[in-house]
Structures are given as C-alpha cells and as structure tokens.
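Here the structure comes first, spelled out in structure tokens, and everything after it is commentary.
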C-alpha cells in the first residue's frame, strides 16, 4: 500500500492546520482571512475547498477522526469514575485547539455525517455515565444525556479559557474534574 503524500496532499493538510489554528482564535473567520493566515491566495484555497462549509465539514470530520483515535486507547472503567474522567480529560484537553471551533461552527450541525460521527463518539461516554449512575457514582435522577451535555459544554468552556489565556493548560484537567465531580458549592 502506497502511503506517500503528494505535494497537493501536503498543501491540503497545511491549509487544514492553519484553518484550525485561525478558527480556534476567530471562529467567524472568512475564507479570505483563512487564505491570508495560511499564506496562500483565495484561488488556491478555493481549489481545495469550494466553500467555507466544505472546509468546516472536512475540519469536523478530521476532528472526529482524531477523537476516535484518542478514544481507541482510552480506558473507561465502570468501577472507577474519577480515574476514567481524568483519563478522558487528559486525552481531550490537548486536542482542544484542533476541535474547539466545532462548538461555534453552525454549518456542521446540518451535516448528517458529522452529526452521526459525533453521536458515535459520545456513545461510550454516555454508556459509562449510565453505568456510573447504575453503580451509584452519579445521581440517577439526572438524565444521562444532560450529564453528558454538561460535561461536553464544560470541556468546550475549558478549551475557550485556555485559548483566551484565562486558564493554564496544566491546571485544566484537575479544575474540570473537580467541577464535574464537586461543582462550585462549599455547602455540605
């Protein structure tokens, strides 16, 4: 099997990487801004992506693939929620700059392939949440999808704060883990 990349493939990947960086900083960046940031002309960008939506779709599919690869080696232990969540956050927080913009890219919410991919990604976490609820680690009266969506939202907020310089990447996992497990209250 030949895995040699062509110059076009290398350029395409470089554009994707630049677009990811810029969209993490400015989710509403135009194609012209992405071309400028990638140090290419708009015509070159259009040869690779016919529209902003096509670019966002490919970035979303790449992000889903990246998370799938990360999840492949991730151990979710039904008997150790805290360690499992720590491993999950340790694995996902470094990917934030690659997938953060997905939370603000409205067009990807209309692509059935991306929706299916994201749903597939969330399934193991949802299953773990339901197991932890059954085992008494999480409140059973909270819908499991609510818990998943809160964790997912907090993960996006963590990436946003890291990107904005409000949170050190090294502190992010513990802060997120403690927030998920204990919330904000000091009341016992």
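Heads up, residue numbers simply count up from 1 along the chain you see.
Backbone N, Cα and C atoms are what each Cβ position is placed from, and that goes for glycine too.
Any TrEMBL annotation is an automated prediction that lacks curation.
Noted in TrEMBL for the protein shown:
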- 30-49: DNA-binding region (DNA_BIND)
- 9-67: domain 'HTH tetR-type' (DOMAIN)
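Mean pLDDT for the domain 'HTH tetR-type' (9-67) in this predicted model: 91. Under DSSP, the residues of the domain 'HTH tetR-type' (9-67) split into helix, strand and coil as follows: 47 helix, 0 strand, 12 coil.
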